[in-house]
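J.: Per TrEMBL, the feature domain 'WSC' maps to 35-128, 145-241, 266-362, 364-459, 489-583, 601-694. If you look up TrEMBL, you'll see 1-18 marked as signal peptide.
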Amino acid sequence: MSLLNLGLLALSLPLAHGRSIQLQKRDLTVFTLGGWTSLGCWSDSQASRTLSLMAHSGQHVSDDNCQYQCTQLGYNYAGVEYSGQCYCDNWVNPIATQEPDTDCNMPCTGVPSQPCGGPDRMNLFWNGVTAPPPPVTITNPGVEGFVSEGCYTDSVAARTLANRVATSGGGSVMTIDLCVSACKAAGYSLAGAEFGGECYCDNQFANGGPASDQTICSMKCNGDSTNYCGGPGAMNLYSLNGATPVSVAPTSTTPVPSATVVLPSAWATLGCYTDTNGQRALTNFIAAPNTGMTVEFCISACASNGYSIAGVEYGGECYCDNSFKNNHGLAPDGSTGCNMACTGEAGETCGGPNRLNAFAAGPAWVQLGCYSDQVYQRTLANLGAFTGDLTIEKCLASCSTAGYSLAGVEYGVECHCGNSFDNGGGPAPDGSVGCSFPCAGNSAEICGGSNRLSMYEYINAAGVVATTPVASVTPTPTPSPVVASLPSGWTSSGCYIDNAYGRILSVQQPNSDTLTIESCIATCSGLGYTIAGLEYSTQCFCGNSIIAGGLPASAASDCAMPCSGNSAEICGGPARMSIYAAGAVTTAPVPVVQTTGLPGTWSYSGCVSDNVGARTLPYEIDFGTTNSATTCLTQCTSLGYTVGGMEYGAQCFCGQPADFTASGATTSTNCNMVCSGDASGICGGPGAITYYTS
């Protein structure tokens, strides 16, 4: 039998240490917790979700983890979708349909051997408990003398009813009764309920009008699922005594939230950033609490999950990351688009449609987006010095060393520095379109464009956006950690940067409100690890070496947060880890794609997407802890395949050029995971393959 005609047959491949592995079609195995049953693969859509509550999004999603989360939240159905989304509900949307199991073919971000749905496809699970039938939702005909006028259009930029009011209990429990009562008490004759939990009042309407499609008011009231409370850009309108609503000329006045947001230490406000649904600026979603979204909640949730950037959007959404993705930056129209009140605190602003109010923790350089520039009237006055071909990192280092707080890269090869924006320079009027040139030293990075700067700004350790040279910023003195007693042989190794390329210690322990240096060391030592790391007051990590390009922080004072169990001790900070070790600390270099020393005639061909309808490459070898480009491609060669690549750190895939072409795979930016068998190499990422051809 030819090696190229193996089909679904598995091949046993002997390894040097005697174990054998299997080359086979990638069969993902559904996993269920006790009492849960798999219902198969079902359709889903953003417009009408199969299960209504998104419980979690991002890393660590798996079949069993989602079932557990839904159990804890009191729901009977759980569903996983698009590798990293977990949904819960007590009822399944009746318009959902069962689809072929082969449509649910994307590996979970948390456990790649389990399926987590696909694009608009959900692996659905049920715990066997049947909830009472869901209540029928209707348009409330009216209460307290107010009569329904139907569904009216609305816009955050030009409100139909000008005055937003708070309702008893907040937006998370709003009903038509509560909204009408609030407007009546305030002396208004018109009331409008919108987006499930927003209430607006006036005596006449402007800008909007009766919706041609009344079904756009399809969101249930947060506090009463039997009634509709408008929708996105739509409100259920009520008038006192049924009087015909009177239209007036539009006004340009929009109420502005006024509550003061108190930021945690080291965090700074960045401004209003662009975002899009398909290509997020910040890629990790955090669900709002029952009390509604606030800026404080989002920042705290992002920080506790190891992220240094937080953003709030559309009144009730929270996103986290450690850098801005997909070339997003400050909105070219300034703060205009960030005009929606937070669902949990009407006095705070939580972004808007496709707009994020963004916040970041220092000390760090933060991306501002694409800025305009002119050759003879520079936005940043000084050229940065660097050696070799330009990368973003080289420019930031150059500007920092020279004492500047602003850095910009342009035309793929230029580095500019400054402490202020000169000559009218600011966010480019066309957004990020003009910043499209790859950096000469790293084609995966964007270094501005023609008369366009990819701009960065420095936030210092106190959470202050630097307006003075970086070199002149004096960190606040931090007391040395007070430790009662370290085990014999254990010493402090200083403060390290975490999560720049992933976690620098591989094993995370459960968060603890009683964490101390001693307790973390005891845990790691007891598990056989030689390094212990403490972060963000409550987090403990273990490992035997520093991985993912972890490096010492520029200052010991970057680690400045007191331990949750002993305020006299220091337990790291935002994206900063206090490291303790038994012996010398070994550090793996920043991982890069292997392009030299490859077997035979193999060459690197880029980072490509996986799971586009069908698999990009159909044959899999799981190398566990020994995967690398050399190991993977050697096996592909021995089996007669001429294209191959690695995914999710430990997975190796082989195929033929026709497989790649048929899959419709596209370029991806998600190849960022360290090879399980080579800490210096990149082996793909979630839904992305580091791709090679021979």
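Every residue gets a Cβ built from N, Cα and C, even glycine.
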J.: Output the single range from 35-128, 266-362, 364-459, 489-583, 601-694 maximising the number of Cβ pairs under 8 Å to the domain 'WSC' (145-241).
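T.: It is 266-362, which has the most Cβ pairs under 8 Å.
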J.: Examine the domain 'WSC' (489-583) against the domain 'WSC' (266-362) and state whether at least 3 Cβ pairs sit under 8 A, considering only residue pairs 6 or more apart.
T.: yes
J.: According to DSSP, how is the domain 'WSC' (489-583) divided among helix, strand and coil residues?
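T.: In the domain 'WSC' (489-583), the DSSP-based counts are 13 helix, 37 strand, 45 coil.
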J.: Can you tell me the mean pLDDT for the domain 'WSC' (489-583)?
T.: 87
J.: Work out, from DSSP, the number of helix, strand and coil residues along the domain 'WSC' (145-241).
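T.: Final tally across the stretch: 16 helix, 37 strand, 44 coil.
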